[in-house]
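**Q** Structure in structure tokens, see below.
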Amino acid sequence: FNAISTIETAYTVVLVSLPLAAVLVPLFLLIIFLSDASSRRTFLFYLNVAIVLLGIVQGILSTTVYSTIILRPEAPVSDLLFLTFVGVVLYTPILVDCILILRLSAVYPSSLTRPLVRIAILLPPILSTAARIACVTFVLHEWSVLSSRGATAEVASRIVWPNNPFIIADWVIQLFENAYSSALFVYRLRARKAFSSRMYRERACEASLKSFATRLRAVFYIAVCNWVFPTLLSIMQLFYILHDPSLRLGGILILVNNSVSIVGVVFCTI
């Protein structure tokens with residue numbers, strides 16, 4: 001019965017992870033073809049490319065790991081392969097949130113923001129990102145220690161996953177970081193929208209005003225969605241790590257949340 005349940009879980013993960021990775025392929029092409037020579041020299045462009053590639057790698061690794069469980073249930077998954085998969089899954093959202101920090105830095109530029117105010121705005125997400133890196137590193141260390149002691153990937157997952165304080169701390173900090181960065185970004189965007197609308201009324205024609213307002217409104221809605229949906233999924237992740245020791249639905253939520261966050265952040269910064 002346990003073997004059947006494990007294969008069912010693996011089959012579900014493969015069905016979820018493959019379409020998620022497939023969605024990111026045209027997004028990667030979109031980033032390449034919509035960028036010009038100047039944007040390709042920016043650090044943000046390389047970060048966007050990196051997180052999309054990580055999302056695709058996440059799909060490939062999850063498909064490889066869980067296909068092995070389906071096709072060869074008697075053979076344990078390679079420790080290195082599984083640890084690499086876990087590392088990609090847990091580090092990817094941290095890299096995604098680094099783009100949120102860059103986005104926040106862009107709307108509070110040094111030319112328009114006093115140094116102390118800018119430091120006060122950017123320091124909390126930077127410190128929270130450092131704390132999350134430490135938490136994920138501790139989790140991977142626990143996994144590697146168990147693997148070195150002969151535990152299979154499945155056994156290590158059952159030991160590390162339930163109520164893990166470092167995973168819980170990582171996701172709680174992620175909730176704070178997303179809420180903080182997105183709230184400040186949306187607030188700044190609304191303020192800039194109001195200011196720009198007044199300037200356009202004085203200097204531009206009505207058609208230009210409507211076009212600008214439409215673009216700004218679209219960015220605003222994308223930013224809000226990029227905050228709301230990953231936040232809801234993160235709350236669900238926390239719920240399932242506390243109540244579902246099997247990692248069945250919780251693991252799928254992590255994959256979905258990573259992909260949704262990647263798509264949202266890229267569309268908000270493209």
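Here the Cβ of each residue, glycine as well, is placed from N, Cα and C on the backbone.
Just so you know, TrEMBL annotations are computer predictions that nobody has curated.
Below are the features I grabbed from TrEMBL:
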TRANSMEM  12-34  transmembrane segment
TRANSMEM  43-61  transmembrane segment
TRANSMEM  81-104  transmembrane segment
TRANSMEM  116-140  transmembrane segment
TRANSMEM  171-189  transmembrane segment
TRANSMEM  218-241  transmembrane segment
TRANSMEM  247-268  transmembrane segment
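Each of these features: where is it, how hidden is it, and who are its neighbours?
**A** Using a Cβ-Cβ cut-off under 8 Å and counting only residues 6 or more beyond its ends in the same chain, the transmembrane segment (12-34) has close neighbours at 45, 48-49, 52-53, 55-56, 58-60, 62-63, 66-67, 70, 248, 251-252, 255-256, 259, 262-263, 266, 270.
Counting residues 6+ beyond its ends, the transmembrane segment (43-61) has Cβ neighbours under 8 Å at 17-18, 20-22, 24-25, 27-28, 31-32, 35, 81, 84-85, 88-89, 91-92, 95-96, 98-99, 102, 255, 258-259, 262, 265-266, 269-270 in the same chain.
Same-chain neighbours of the transmembrane segment (81-104): 43-44, 47-48, 50-51, 54-55, 57-58, 61-62, 64-65, 121-122, 125-126, 129, 132-133, 136, 139-140, 143-144, 147, 153, 156, 167, 170, 174, 177-178, 181-182, 184-185, 254-255, 257-258, 261-262, 265, 268-269, counting only residues six or more beyond its ends whose CB sits under 8 Å from a CB of the stretch.
For the transmembrane segment (247-268), the list of distant contacts is 9, 12-13, 16-17, 20, 23-24, 27, 31, 48, 51-52, 54-55, 58-59, 62, 89, 92-93, 96, 99-100, 103, 157-158, 161, 219, 222-223, 225-226, 229-230, 233-234, 236-237, 240-241: same-chain residues at least six beyond its ends, Cβ to Cβ under 8 Å.
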**Q** Apart from its near flanks, which chain residues at least 6 from the ends of the transmembrane segment (116-140) lie with a Cβ under 8 angstroms of it?
**A** 83, 86-87, 90-91, 94, 97-98, 100-101, 104-105, 108, 110, 160, 164, 166-167, 169-170, 173-174, 176-177, 180-181, 184
